[in-house]
Each structure stands twice: as structure tokens, then as C-alpha cells.
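Features as listed in Swiss-Prot:
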{"type": "COMPBIAS", "residues": "1088-1098", "note": "compositional bias 'Polar residues'"}
{"type": "DOMAIN", "residues": "557-826", "note": "domain 'Protein kinase'"}
{"type": "DOMAIN", "residues": "898-1028", "note": "domain 'Guanylate cyclase'"}
{"type": "CARBOHYD", "residues": "Asn219", "note": "N-linked glycosylation site"}
{"type": "CARBOHYD", "residues": "Asn348", "note": "N-linked glycosylation site"}
{"type": "CARBOHYD", "residues": "Asn358", "note": "N-linked glycosylation site"}
{"type": "CARBOHYD", "residues": "Asn384", "note": "N-linked glycosylation site"}
{"type": "CARBOHYD", "residues": "Asn417", "note": "N-linked glycosylation site"}
{"type": "CARBOHYD", "residues": "Asn451", "note": "N-linked glycosylation site"}
{"type": "TOPO_DOM", "residues": "19-494", "note": "topological domain 'Extracellular'"}
{"type": "TOPO_DOM", "residues": "516-1137", "note": "topological domain 'Cytoplasmic'"}
{"type": "TRANSMEM", "residues": "495-515", "note": "transmembrane segment"}
Amino acid sequence: MQIFTILLLFNIFPSIFVQNLPDTTVAPRTKRTIKIGIAAAQRIQTSSIGWSVCGGAVPLAIERLKEMGFVKDFDFEYIVDYTECDLGSVVRAGMEFIKTHKVDVIIGPPCAQALRLMSFLAENYKKPVLGWGFVSDTDLSDVIRFPHLTTVIPNSLMLGYAASKMLTTFHWNRVALLYYFSDVKYCSGVMNDIEATFNDPSTPNVNIVIKAEIYLNDNETTDNVFQTVKSRARIILWCTQTSVEKRDYLIKIATHDMIGDEYVHIMLSMRNVAFGTQTSLGKPTFSQSGLTPIWESFTEGTDGFEKMAKQAATRMFVLDVNSEVADKKYLEYMQKNIIKAVQSPPMNCSTVECMTANTTIMGGYARHLFDVVYLYGIALTHTNSTDPAVYGDVDVLVHQFVTSFQGMTGHVVISPNLTRMPIFQLYGLNSDYDQVALVDFTYTNSVMVPNVTLFYKDEGGAVWSYYGHSRPLDIPICGFLGKSCPVSFWEQYKILIFVAIAVIVLMVLIMIIGCLCVISGKRAERARINAEWQVPFAKLIESEKQVRGKGASRRSLQSAPSISTGHSGVTTVSDFCENYTMMMYEKEMVLTAKYQYTHLTKADKERFVKMRKLDHENINRFIGLSIDSAHFISVTKLCSRGSLQDILSRGNFSMDYFFMFCIIRDVAKGLEYLHKTFLRLHGNLRSATCLVNDSWQVKLAEYGMDNLVEEQTPPKKRLLWVAPEVLRGSLSVSQMEPSADIYSFAIIASEILTKKEAWDILDRKEDCEEIVYNVKKGGLFPIRPEIITDIHDVNPALIALVKDCWAEVPEDRPTAENICSQMKGLVSKQKTNLMDHVFNMLEEYTSTLEEEIEERTKELTLEKKKADILLSRMLPKQVAERLKAGQTVEPEGFDSVTVFFSDVVKFTILASKCSPFQTVNLLNDLYSNFDTIIEQHGVYKVESIGDGYLCVSGLPTRNGYAHIKQIVDMSLKFMEYCKSFNIPHLPRENVELRIGVNSGPCVAGVVGLSMPRYCLFGDTVNTASRMESNGKPSLIHLTNDAHSLLTTHYPNQYETSSRGEVIIKGKGVMETFWVHGRFGEMEPTELRSISNRSTPPVTNDRWIPNPSSSHGSRPSSVYDPLQGHQKFKMDTLKVAN
């Protein structure tokens, strides 16, 4: 009633208290004195909040602040009033602090009710209040009601939610609440808040079976309470204010036999001491907090209860604010000097309590008083001013309270509502009786539900080490009085047990019989399975009619006829490079290979059983193994097209990109399947073990045979497919990794892409051993096959993938699964099946074959005509026909022919004035037009050598005596043409000919097989050559025989004259003649010049060329000398200048 009267007066007449308040604004000065008003208590709860054992914390805190660099610009003055938590005294002291002493800050009374009153008073005068002691009531955290109050003690409501979380963590929901009586009613308030949190609908339901108050010196009441607790609960939450009461509780629960494995005593505290007490008697301390264990006596000696209290402490846990102090040495210093500090200046406490205080004990809340003063000093320093208008402004100052620091009560964090954000921890004792934190309950952002962190992994060993490593139950199995134990299983189910035993025995007998049957069946099944993979040697028949396909014709894709399944229907199959043998088994052709006889283990046999079950389109099916002969013989399905090595070695087939892609994809799919099976890898992959069936589908063979030794020593060439890490380590298949298969796959892919053997070994300068050595050697740039393909549309990504697969480091190679995944995007989605692709190719080939044949036939006919024309230009037609027919051309004699020789006069001089190209072009122009003139006459051009020109008439087609006329006419045309012929690069030079003609017998024939030539033999030819060499420029020189033929058979047609007798080399003296032209075509002056010549009469007969003659088939053109020599040039190759 007293407090309400005081508050009413304070609210009605506030002017009484503030009317004489002077202006606080003063001139700034160098150092400012801070006045601290302290409402202390000496006679209540002396060991906890007594000023004699706590007051020294204030000057020690100021001293520590200055050591840490704070409050250097301030001095402090203390005004202490012992209010003893009396409400009237609190109001009086508050008014004196504010009105009389004009304090800057008030350290409030250490009791919750008194602190509320002081806070109301200070709020009206804008003074900050620091709370400590028993001030954990929840309403004191209301920043709206108490905006200027701050404390380092968390409120008990937070403790309640932490306790609720703890019970949930250990699955307890039935508890007892016990608390010691005190005048300040601290524990009573705490338990009220605990009860409120347990009843909060947002928390798990907790059944409070008893809530009782116990007394330190009232053993009768306490005994009754403990007896009631024993009959109702095993999980006890209890609260006390002093260390004496803590030790008293331990001794009492030990006396009442409440320290068994069923009991859990959890002390609720917010004093940051856990299992410790604040004393300086020199007794052992905890390593974490630096405090003395509560089971130690409070005297320098012992009182005989230490062992009992220590044993009881093993059944106790403490839920307290984190008590770990960072600076334990200063805490020890504080414990030793706190009494001295309160007695010495500036406190100068001279009361009886201060002067007689026990120097070995520090007050329970002394550390909290230290921390709250330390907090004020930090906030004061952070105002960065000694101006009272600044630090005296409480609204500015309270914002600086929101901070954190390492204090004597652990890590202090002040929230925006000016209360401490606690870290509650559940403490227990380890095997060394040292307190350890077991569970952490952390509050963040003012949320009332803490976060739980467990500091242990094994709950039984860490938390319940003193409980037999088993968590106690909140309700004992036998009840609280031990009378509700369940009936033993034997007594309750004795009859049922006998019946069950009989049934079990009967079932065991049935099971034994069943097991025997199962074992027998499994043995029979195992024998049957073994019989499946064991192929009797007697059933393997070598086919006498087996025919290799070496002599058989093969199509472009190496197709071969199918193999009949009967004994009588044996046909050809492809060759095998490996030592395979084709045999008959169960009326089917199979592929076999021999191995040396070895001992087969149980694991080998089980593997063969599993191998028979392997089924994949790219795996060659394993039929079995013959083990009843001198050798082991493996039997697999026959692939009629042989192996990839066989196909590539023959090399007489075409393969486009999609065909290559499908072959490589089949190998990759086979590997992917094997790598996922029990075999794990192939281990012997090479192109010889990749077999191809009729459908051009690749199937991997020789897998799972690594424990068998081949009958013949394998060639070193097989090492070309082996990965470098296998070569270096000489690894067996069981030691290899699947990446070794990937390397072998890359070598096979390179064979397919290049359509050559591995490493192109046939065209490579290194032999197998050198290649294997270099691969084994490795290095920064290891040797690898070259991928050079003649297929233009090969996807570069496929080549890149192959190169990735033969990477030197096994880990860098892709897996078979990755290879298959990447290959899906390397070909058009419309193309998926190789046989469909082959059929499409055949259809396209069939549709275009007829057109191609017709076109080729036309081309062949045209080329044949061209060849015939060319051949007819080289040889006479009839001679060429006989040569084309494969007939021998016999030499043939002719009685009368005329031979023509010509030569360019002074050709050497002309050639010296020309470059070689110009010389060739000169002769080409001249002789091309000569050839045109020849075509108009019955003359055959034999050859032209340099500037020499040889022609003949009268062979190979006989023309009577017309040959002399043809030669003379042609010679006159030659002379006429030379008069109009101009040399482009020598316009002043003229071309003149010397012509020699002779008639007589001759022999002609084809000489030679390489570049055959139609040659003339006989003296007639030599004499004609002498006529040319002894002739004169621009004149036609005839022998007497030729002249006689001309004048006899063609009289009066040609104007000739005798040259007289001339000495001819090899002939002696000969009379020769000149031909000047034809009558009627010569100028009159020319006729007068030769009128005195004697000329035989001639006739007007003319020779008509035979259209069936050899030269008659050549293309001809009409020669007109008036048109110039350009008209007669042929379309022949002309060498450029």
C-alpha cells in the first residue's frame, strides 16, 4: 500500500520534485566529474547482493575502463544510500540523488520491486538507471515502460523458454518445481515465469506435478516436500539465490536418497556461475569459469560433506547463462580485491558490514554490478564529448548501451530493448568433475524461441556418463513408488512359451527338411548350370567342307554368303587373322579358340555361368567352354564377316562416314555394357576381338578369358592396342581399370577412320617394338596414331573424341557411357540403323546404275573414236586395224612408190635468232599447214624430225603410178605456201625449202612394240634423201627414175629441166632434174626462160584420190594459197613464247 501512495503523490504533484531543478547546461571544461547515485543494500541477501561483498565492483570497473582506454576525460563521484530495497527509502534516496546531488546516473536497488520504483522516478527526470541483483522479472525488460533502464541480467521468461526447449530435447514432459524462500522473492518470480512458459500454447505441453517452496533451516518442511517429489516426479527443476543454498540442496538430496540413476536435478540460474561459487579460499576451480565448485565447503577447512555433495552434483545439471570468462586472471584479481576496493577510497565504506566482511568471499552478483558499470562507461565514452548537454542527454546515451563486450559474466550483448541477449547453456560434469557445456540455447533478434546447439555426438557418453550411459525417464518403469513394475515375461507368458517352443521345434524340423531340399535342388541347379557352360568336346565337329573365302569374289562392302546351319550346307565365310577355328556344334557353325589346360577355381566357374547370361546386341554371345580334352576350347557364336582387323586388312571395300560411325558406335556400346557388368572391363580389346556379323553389326569377343592362357604365344603386335599405364606396370586384367579399354577403343577407332591397320604399321618406319617402347615411355607429347581419313564429311568432333580417349592420363579419358552420350549428337537423327543406310545406298545405286552405264557407254564410244583417229594419224588405217585386232603386221614390199624429203634452208641460222619456244612454234605452224596440204593428196606422212619432213605415196595403199603425180603436186603446193608464210617474230625473214624426190621399190613395216612406228626401208628412201641434201633452195630435185615416171605417165603437165650430171654421195654421177611447175600456171617470163628445154610430151590425165585409202579417212580442208598461211593452221598445241 505504501508504494501505491508514493506513486500517486509522485504523479499528482511532480512539480514538488522538479521546481528547484537548476539548469544543467554548464560551460565545457577539460574534465567532467560524473556523479553516480547508488541505492545499496547491506542486510538482506548479504552473500548475493550485500554492498560489503559487491560494492567494490564499481571502482574496480572504473579502474578497468581506464585501463582499456575508456572514460579518460571523466572523474567519478559516488553517493551511496543504503535503502535495503525498502520502497520508501528508495523514493527518498532517488529524490536526494536527483535534487540534492544532481547525479548523472543511478545504480538501482538490487531488488525487482524497488528497481521498478526507482526507474519510474528516474524516467521523469531523464536519468539513466543501471539494474543488477535480483532484477530478472520479465516486466523490467519492457522498454516502453522503462525506457532508461538497462541491465546485464536476462529476464526469467527467457530462462523459461530455454528450460522448455531443454525438456523437449530430452523428451521429458513431467517435472517438479522447487525453489528456496527469500525475502526478495527472486526464485518465486523465476518459477512463476517458468510456469507461464510451460503453459504457453506455443511450447510443448509440460505437466508440473508439484511446485513447492523449501527452506534453508526448516528441515521438516523440506523433508515433506522431498517425500512428495519422490512419489510424483524424477525430473526436478529448482532455483536458489545463494551458494550456501546450492550446497545445502546437494546435501539434502543425498540424504533423502534422491541421487540414483532415476533422478535428474536441474538448477535454473542466471548468475553465470553454473556449478561454481565466488570465493577466494584458494580451493580448486573450474577450468572454464575459474570459479570454485559448489560442493567445496565455505571454510578454509572441510566440514565432512564434500564427498556427499560431490556425489550429488553428478546427478545435477545447471541451466545458466554462459559463464565462460575470457579474462580469468582479472576475475581472480577481482575476487581477491573486491572487499579491499569497497573499504578503500573512493568508496570509503566504513559500516560494520564493510569493515567485518569476509575477504575470501565475493558477492553473488558482484560480477553483474561490475559489468553494468563497465557497460555505462563504454556508452559514456562513445558519446565522444564531455559536454553535459550531450552525455547528460539520456536519449543520446541509451543508444550507446546497445553494444557487446567481454565482461566478468561472459560475453555481454545488449539488445535494442536495453536488456541482455543471453546464451543459456546446460552444464554437466565430465569424468574429471570439471563442468562442461552440453547444450547451447541462443536467442537472436529478441525472438523468444532459442536456437538449440548440441555440443556432443554421443548423448549416452557425454551427458549420461554417470547414469550408465542411458537417459533417465520422467516416469520410472516401475512407477514412482516401485510397485508398478511389469510382470516378468516368464510369469505372464509361461504357457505360451511352451507352446511356442513346440511350434518352433516343429518349424525348425520343417525348415531343416526344406533346407535339405533346397540344398539338393541348388546342387542340381548348379550342376545343370555348369552343364550349360561346359561344352562336351565330342559335340564339337570340325567341318571337312569348310571353305575359306579367300578365292571368293567379294562385294564392295565385303559381304559374304551366309552359312548353312546343317552339315550339308556349308558355304564360304570370311577369313580370320586370329587363331580361330570354325567348328560345328549342335548343327550350327561356331567360333572356337584353344587355351592351355589350367585349374579352374570356383570363382572361374561362377564367372562362366554369369558370362552365359550376358546378352547385348554388341556382345558376341559366349556359348561355353570345353574342358574335357587336352586343351580348353572356348565356344562363341560365329560372326561370318570376320573381325574388324580382317576387314581392314583386306582393304577392298568402301566405307562412308555413317558406316564408320556405326562401327565405332557399336564398339562403344559393347564397352558400355561390359563396364556395367560384373566383368568391369574387357581387358583384351583390339580390332581382332571385334567381330562383324551378316548385318554389319560389331560384337565384342574374348571377354572374361583373362585367366586362361592361349595355346600359342600371342604376337607382340597385340601390344599396339594396350594402354601405356598397362605396359608400364605389366598389369593383369584384374589390376586394370576400365580406362585401359577406352585407350584400346581409341586405337580401334583410328583404324576405322583411316581404313588402315593399327598405327599404319605397314607404311610406318618404326616396327611394333619401337612403337610399344615409345608408348610405354610416354612424355609431354606421347606418340599416337595419325588420323588421316579420305572421307570428306567426317565430323571433327568424332576425331576430337577419339583423341580424348587415348589421353596419357587415364583419369582424363571419358567413360564408355560418356562416349555413347557424346556420339548421339555426331550424326543426323534420321540415320540410326546401319542396314537401313546400306539398303538406301543400294537403292540409290540401282536407280542410277543404268544412267551411269549409258553415260559411260557414250563416253567410251567417243573416246574410242578419238583413239581411232589418233591411231590413224600415227599409223596407216589398215595397219592400225590389224594391230587393234591383235594381229601381227608383216613387212610388205612395194614395186613402185615415190619418196619425198624436204628440209628448211638455213634452219640453223633461223633457230639461232629464235628462242627454243619460238623455234617450236615456227615448225608447228609450218608443218601443221603442210599436214593440211598432205590431206588433199594421196600421200602418207611418215615422220618429221626437226626441220626434216618425210612423205611417201604409193603405200600402204597402192595407186599405180599416180604416186609421182601426188608427190610433185604436193611439193609445188609446199613451195607456193612457203612464199606466203611469214615468221611473226622475224618479219624480214622467209622460209625456203629444199625438196628431194625419188621413185622406186620400197619395203614398209611396223617396228617396235612400245610406240610402234611405220617405217620405210630400201635404197629408194636413201636416194630421195640424197636428192634433198644436194638440192637447191625453192627447187624440187628429182632423180631420173622419178622424172621418167612423171614425164611418161603425165606428159605435157609439168615443166621440168635437166640439172645435168651431179656427183651424189654413195651413188656416183647421176643425172637429176628440176620441177618448175605445171603448164598453164607459170608466168610468160618463166615459160620463155625454159622454152629451150627439151621436155617429153605429157597428157592431161589427173589422179583422183582413193576414198578408201588410209589417208582418205583423215579430215581434210581445201587449200587456197591466196588466203595466207593462217587458214591452214591446225588446232594443235602451240608452245608459248
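Even glycines carry a Cβ here, placed using N, Cα and C.
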Could you state the CA-to-CA distance between Asn451 (N-linked glycosylation site) and Asn417 (N-linked glycosylation site) to the nearest Å?
20
Candidate glycosylation sites Asn219, Asn348, Asn358, Asn384, pick with smallest Cα gap to Asn417 (N-linked glycosylation site)
Asn384
Take the transmembrane segment (495-515) and find every residue of the same chain, 6 or more past its ends, with a Cβ under 8 Å from one of its Cβ atoms.
none
May I ask which of the glycosylation sites Asn348, Asn358, Asn384 is closest to Asn219 (N-linked glycosylation site) if we compare their C-alpha atoms?
Asn358
Give the number of CB atoms, excluding that of Asn219 (N-linked glycosylation site) itself, located within 10 Å of its CB.
12
Counting across all protein chains shown, how many other Cβ atoms sit within 10 Å of the Cβ of Asn417 (N-linked glycosylation site)?
16
For Asn451 (N-linked glycosylation site), the three-state class that DSSP assigns:
strand
Within 10 Å of its Cβ, which one of these glycosylation sites (Asn348, Asn358, Asn384, Asn451) has the largest number of other Cβ atoms?
Asn358
At the level of the C-alpha atoms, what whole-angstrom distance separates Asn348 (N-linked glycosylation site) and Asn384 (N-linked glycosylation site)?
30
Sorry to bug you, but what's the C-alpha spacing from Asn358 (N-linked glycosylation site) to Asn384 (N-linked glycosylation site), rounded to the closest Å?
40
Asn219 (N-linked glycosylation site), DSSP three-state class -> helix
Mean of pLDDT values spanning the domain 'Protein kinase' (557-826):
82
Asn384 (N-linked glycosylation site) falls, by three-state DSSP, under coil
